[in-house]
């Protein structure tokens, strides 16, 4: 289990409160699909993923990105119990969708980049460390069913 200090929790929640989940979620998933094109195989029903502009403009990518980032709200509310919080999603992604758990880590890293670009100077090294810790812990929780 990962322990978050009060300072880390504050750093995470302060930025989360300013986050445009719809915009950032679509951007994060879109960038994942562009930078790591093999991840596109999990989204066959999303239509045109033929180019970066097609991916970033795809309404299904944006909608699913929002859904993914919305699930991070559960992580923020349950930082001390991520394994239980993501147990059902872990099972879904492992047993039904067969998603490589490495993709969770990649998406987390993309999310940190999105945060840095959106928040600039507010995204201090301390804030980055707290968010990196959270996305890593979420990736581990999502990959738990695989072990």
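Heads up, the Cβ atoms here are built off N, Cα and C, so glycines get one too.
Keep in mind the model is a prediction, meaning the values are calculated, not measured.
According to Swiss-Prot:
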- 3-147: domain 'Globin' (DOMAIN)
- 14: phosphoserine (MOD_RES)
- 51: phosphoserine (MOD_RES)
- 64, 93: heme b binding site (BINDING)
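Here the Cα atom of residue 51 (phosphoserine) is found 18 Å from that of residue 64 (heme b binding site). Note: the Cα of residue 14 (phosphoserine) and the Cα of residue 64 (heme b binding site) are spaced 24 Å from each other. Here the modified residues are 14, 51, and the one whose Cβ sees the fewest other Cβ atoms within 10 Å is 51. The DSSP breakdown of the domain 'Globin' (3-147) into helical (H, G, I), extended (E, B) and coil residues amounts to 119 helix, 0 strand, 26 coil.
Around residue 64 (heme b binding site), the C-beta neighbours below 8 angstroms that are at least 6 residues distant in the chain are 29, 43, 46.
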